[in-house]
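Quick notes on the structure that follows.
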Amino acid sequence: MEDGFSSFWGPVTSTDRCEKNYVHSSYIAEFFNTISNIPGILFALIGLINALRQRFEKRFSVLHISNMILSIGSMLYHATLQRVQQQGDETPMVWEMLLYFYILYSPDWHYRSTMPTFLFFYGVGFAIAHALIRFEIGFKVHYIILCLLCIPRMYKYYIYTKDNYAKRLAKLYVATLFLGSICWLMDRVLCKEISHWYFNPQGHALWHVFMSFNSYFANTFLMFCRAEQRRWDPKVVHFFGVFPYVKIQKPKSQ
């Protein structure tokens, strides 16, 4: 890291990662950490097109769009290393988890208007607080708690799903989360040692790539589970025999 390094965007005012700054371009502070967000945008776009084409509920279109916004925010943050752009990355992270919470828990929530109303005002309140107060450790703890709240419901969906291809999506979701977390921790904990290596493995950039796959697998699995709830006869099919997506058959009355 090169703390305080000044270039096109000025001195670093955000949290700096283990990638050296402005090595490949005077306009991009962390080159690999920036471009590694491109898969997240592409996968979210694929998911959005599938959701719109098959007329899934709007919640999934919003979820895919939020994935795109998150990746774009992360690109701006790593390209500039400015505090405002970092907040533009972290705030959508929380909003996205609130969307996952709604998608996971709303089918069994009897008072339909209360959950989206609460989550909306919670998201707005967090955005305001995060803009006024800089809390790095507090943000991480808060984000981890939101993630942990979603795990029991994801596990429930997994054990009640009989389709082997859908279960495979859930397993891929867990695997990419595990691998991405290892890369993130390696970049975070071993940064001083990595800085002296001839080759930087770019653990944070790998985290972005793994999480791009992770989000796509999670979204696709949730689309399958929701289609089962709506009795849309979902099937996991593969584009060119490799890339999974959900195909549904709605009743004519819908």
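Quick reminder: no glycine exception, Cβ is built from N, Cα and C everywhere.
Pulled from TrEMBL:
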type	residues	note
BINDING	Asp16, Glu19, Asn21, Glu30	Ca(2+) binding site
TRANSMEM	31-49	transmembrane segment
TRANSMEM	61-81	transmembrane segment
BINDING	His78, His204, His208	Zn(2+) binding site
TRANSMEM	118-135	transmembrane segment
TRANSMEM	172-190	transmembrane segment
TRANSMEM	205-225	transmembrane segment
Glu30 (Ca(2+) binding site) versus binding-site residues His78, His204, His208 - nearest by Cα: His78
Neighbours of His78, His204, His208 excl. site residues, C-beta within 8 Å of centre, Zn(2+): Arg17, Glu19, Glu30, Phe32, Asn33, Thr34, Ser36, Asn37, Ser74, Ala205, Trp207
Residue among binding-site residues Asp16, Glu19, Asn21 with Cα closest to the Cα of His204 (Zn(2+) binding site): Glu19
Close approaches to the transmembrane segment (61-81) from elsewhere in its chain (Cβ under 8 angstroms; 6 or more beyond its ends): 9, 12-14, 16-17, 21, 27-30, 33-35, 37-38, 40-41, 43-45, 47-48, 51-52, 88-89, 91-93, 95-96, 99-100, 103, 208, 212, 215, 219, 222
Least buried by Cβ count (within 10 Å) of the binding-site residues Asp16, Glu19, Glu30: Asp16
Candidates His78, His204, His208: member of the binding-site residues with the richest Cβ shell (10 Å): His78
